[in-house]
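Enquirer: One structure, as structure tokens, below. Some questions next.
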Amino acid sequence: MESLTLQPIARVDGTINLPGSKSVSNRALLLAALAHGKTVLTNLLDSDDVRHMLNALTALGVSYTLSADRTRCEIIGNGGPLHAKSALELFLGNAGTAMRPLAAALCLGSNDIVLTGEPRMKERPIGHLVDALRLGGAKITYLEQENYPPLRLQGGFTGGNVDVDGSVSSQFLTALLMTAPLAPEDTVIRIKGDLVSKPYIDITLNLMKTFGVEIENQHYQQFVVKGGQSYQSPGTYLVEGDASSASYFLAAAAIKGGTVKVTGIGRNSMQGDIRFADVLEKMGATICWGDDYISCMRGELNAIDMDMNHIPDAAMTIATAALFAKGTTTLRNIYNWRVKETDRLFAMATELRKVGAEVEEGHDFIRITPPEKLKFAEIATYNDHRMAMCFSLVALSDTAVTILDPKCTAKTFPDYFEQLARISQSG
């Protein structure tokens, strides 16, 4: 297996221009494909997840052109639901941001499409979404294990009253919201349980509005969507920088700044993960907000005890930043870490212990007490891009760290380690 050893980093300083947001990129691609008119997307993320979405759109007959660096995409909208001319199988890797929205959107009209992916994708639950789509008339068959991909979709979604469990993944609701306006009838979506990762729903609603569709949001408990609508291209659309990707550089500055400035997101960003900066501030770092940047300066970091449900992805970065904070850090209400690219609660606890931390792993929380001195370790990344990026922060100590399978960052940030090196100074 490939590995990368990061030598101790004495200081970080500089500016990072963030790659486009994964969440925004894949939503924008799908809406542009469903819309009337041509859409030009700029600052599109070039990563595995986005490539899986683009490949699926190609197979579904959507035509688009990409710039040489794959960050500008011109899409000719289909002007309505996507149809495959014949039976089709789409391979979506481990891209939840492609699997969930396509599983819903391809239930409009009549299709015969199989959605499948990597072995890990077949372990990521999709039953709550399928249950909701079936309530709206969709014909969906599980081809292997009940409640998990691969799925066979045979159309039939017409709208109506639909309940969806919000407690596992907000992507299920996102998928329904993006699909419902194109259904022939009105759809009323009721949320069962507590809705996790609410800010991701705001990204979805924001993008739908950009593409000309508004819905009625009743306190995130119920959503009323008029049927028979169509999406309209906004012409051009700039994809925000990825706020989850920003978290590693901001945390690095909090630990070993200097000052690091990330551009492409700012105080008005639609991504909930910008609230990560508030957590660093609470821990003792100095944060400065601009319209299109966030900067962070080093501070003496203290432990925190917080509910992290609103920033599940960026909260992982706090778990490794906790190695540099005084006291015991507790991150709560993060059960959905367990259904991501890997079981992130288990993975995080296991690898933090390797570098010497004392860790308590609960059903939906993690408690971390840092050691006096970090130990050298080889970090397993579980084919999870965020594990690789989080544990790069260990090098901000006087201990080197080896990251196994460093290329797994390609899911959202192919040149992450090059960018980190660019702002790093060794002792």
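Heads up, the Cβ atoms here are built off N, Cα and C, so glycines get one too.
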Enquirer: Among ASP186, ASP305, ASP307, ASP313, which residue does Swiss-Prot name as a further 3-phosphoshikimate binder in the site formed by LYS22, SER23, ARG27, SER169, SER170, GLN171, SER197, ASN336, LYS340?
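Expert: Between ASP186, ASP305, ASP307, ASP313, Swiss-Prot records just one in the 3-phosphoshikimate site with LYS22, SER23, ARG27, SER169, SER170, GLN171, SER197, ASN336, LYS340, namely ASP313.
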Enquirer: For LYS411 (phosphoenolpyruvate binding site), identify the closest of the recorded positions SER170, SER197, ASP313, ASN336, judging by Cα separation.
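Expert: Checked the recorded positions SER170, SER197, ASP313, ASN336; minimum Cα distance to LYS411 (phosphoenolpyruvate binding site) goes to ASP313.
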Enquirer: If one measures from the C-alpha of ASN336 (3-phosphoshikimate binding site) to the C-alpha of ARG344 (phosphoenolpyruvate binding site), what distance in angstrom results, rounded to a whole number?
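Expert: Counting only the Cα atoms, the answer is 9 Å.
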Enquirer: Spatially speaking, which of the recorded positions ARG27, SER170, SER197, ASP313 is closest to ARG124 (phosphoenolpyruvate binding site)? Use C-alpha to C-alpha, please.
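Expert: In terms of Cα distance, ARG124 (phosphoenolpyruvate binding site) lies closest to SER170.
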Enquirer: Write out the long-range same-chain contacts of GLN171 (phosphoenolpyruvate binding site), meaning residues 6 or more apart in sequence whose Cβ is under 8 Å from its Cβ.
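Expert: GLN171 (phosphoenolpyruvate binding site) has long-range Cβ partners GLY96, THR97, ARG100, PRO101, LEU129, TYR200.
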Enquirer: For a quick check of packing: other C-beta atoms within 10 Å of the C-beta of ASP313 (active site, proton acceptor), how many?
Expert: 26
